[in-house]
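Participant: Pasting the feature list from TrEMBL:
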SIGNAL    1-19  signal peptide
DOMAIN    102-386  domain 'GH26'
ACT_SITE  GLU260  active site, proton donor
ACT_SITE  GLU371  active site, nucleophile
Amino acid sequence: MKKFIFSLLATLISFSVFAQSADDTYVVNKADGTSQSYKVMEFPNIKFNGDGTFGNYMTGFDDFGQINVWNISDVKSVTFNIAHSNPVDVSGVFLADASANDAAKKLYKYLRLVYGNKILSGMMAHVAWNHDEADKIHVLTGKYPAINCYDFIHIAVPNQGSNGWINYNDITPVTEWADAGGIVSLMWHFNVPQNENTTIGADGSGQGINSSQTTFKASHALVSGTWENKFFMEQMENVANVILKLQDAGIVALWRPFHEAAGNATLKSGANWGKAWFWWGEDGPDVYKQLWHTMFNYFSNKGIHNLIWEWTSQNYNGDSDIYNNDDDWYPGDAYVDIIGRDLYGTTAVQQYSEYSQLKGRYPSKMIALAECGVNNSTITADVEQA
């Protein structure tokens with residue numbers, strides 16, 4: 001339902017309203033605080049007269065006079081409550097998920113329409129499952145970011161909700177954002193136990209995502225019967241069930257799992273040479289791509305069709321001419337809708353260079369700045385083509 005409010009002092013015109021449903025109405029709001037509602041189908045015509053009055057009447061009955069007449073000075077505004085049902089043609093929209101629902105296709109089509117013309121800003125949720133940081137942005141600027149990103153980082157913590165931690169089964173923080181017109185983004189810092197014998201605590205202890213924090217092997221997660229595979233499948237099911245709840249609520253989302261997999265794998269010198277900083281990249285690009293494909297197929301088989309899949313490339317920041325191994329880690333066009341880049345500590349020139357190279361490397365995909373740090377030289381950003 002869309003509301004349109006017209007000030008009669010500013011809009012002295014005559015017009016007809018076309019109803020899309022029997023419930024469409026308009027309300028005459030009087031200056032004394034009273035109001036009167038009319039069904040559009042019954043009184044679709046409003047006419048302003050030359051004597052400082054206006055009235056409404058039924059179609060075809062103008063010769064019989066107006067049914068209700070008001071002095072313009074006595075009326076504050078007229079509010080139209082019109083159902084918005086203009087269908088969006090998504091017949092030409094194709095996502096990696098061949099069964100993606102129309103709502104996901106509509107969001108993707110919108111992103112395509114604004115791509116290259118507008119900037120959609122985003123904010124990360126504070127400790128994963130809220131829109132607190134976006135609310136702070138609104139307080140400071142009077143505007144909300146277009147996108148709010150939620151994180152399943154604590155999905156493995158037991159006793160969801162009752163322990164003071166996040167209750168992921170309460171999707172209210174997400175539906176609130178979507179109902180207000182915001183775009184939902186979901187990601188997953190996939191925490192795993194430190195080792196096979198570790199029990200993750202109700203306070204979040206005993207888990208980690210960095211290779212140095214866990215003995216969890218990505219390659220073992222793909223082998224049935226291993227403890228890694230058991231945990232991997234259990235957590236995918238937990239996340240899938242929440243996403244299904246979001247889907248049932250009409251929510252669609254940008255989905256960005258397994259981000260920054262390469263880590264420092266492209267560095268040619270130093271203590272961290274050849275190292276991925278997350279466990280899902282530690283066993284190399286081939287295993288990583290299998291993890292991505294496994295999740296993609298698992299979600300699809302579970303009936304999840306409300307996601308736009310975003311893959312985060314990760315070359316060594318600012319030097320993608322030298323460290324170019326994106327294709328080694330890329331899951332493939334059939335599994336990816338959008339390509340993101342996370343950039344920290346780079347200049348505007350470097351950011352522009354990496355964007356341009358990604359655009360040339362993957363011409364059929366939209367390129368997004370998925371994460372970023374602070375650019376202290378924004379005063380020259382326009383000169384640097386940022």
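Here the Cβ of each residue, glycine as well, is placed from N, Cα and C on the backbone.
Fair warning: this is a prediction, and the values are worked out from it, not measured in the lab.
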Participant: Hey, how far is GLU371 (active site, nucleophile) from the residue listed as 'active site, proton donor', Cα to Cα, in Å?
Facilitator: 10
Participant: Just to be sure I understand the packing, how many Cβ atoms besides its own are within 10 Å of the Cβ of the residue listed as 'active site, proton donor'?
Facilitator: 20
Participant: Taking DSSP three-state, what's the residue listed as 'active site, proton donor' in: helix, strand or coil?
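Facilitator: The residue in question, the residue listed as 'active site, proton donor', is coil (DSSP, three-state).
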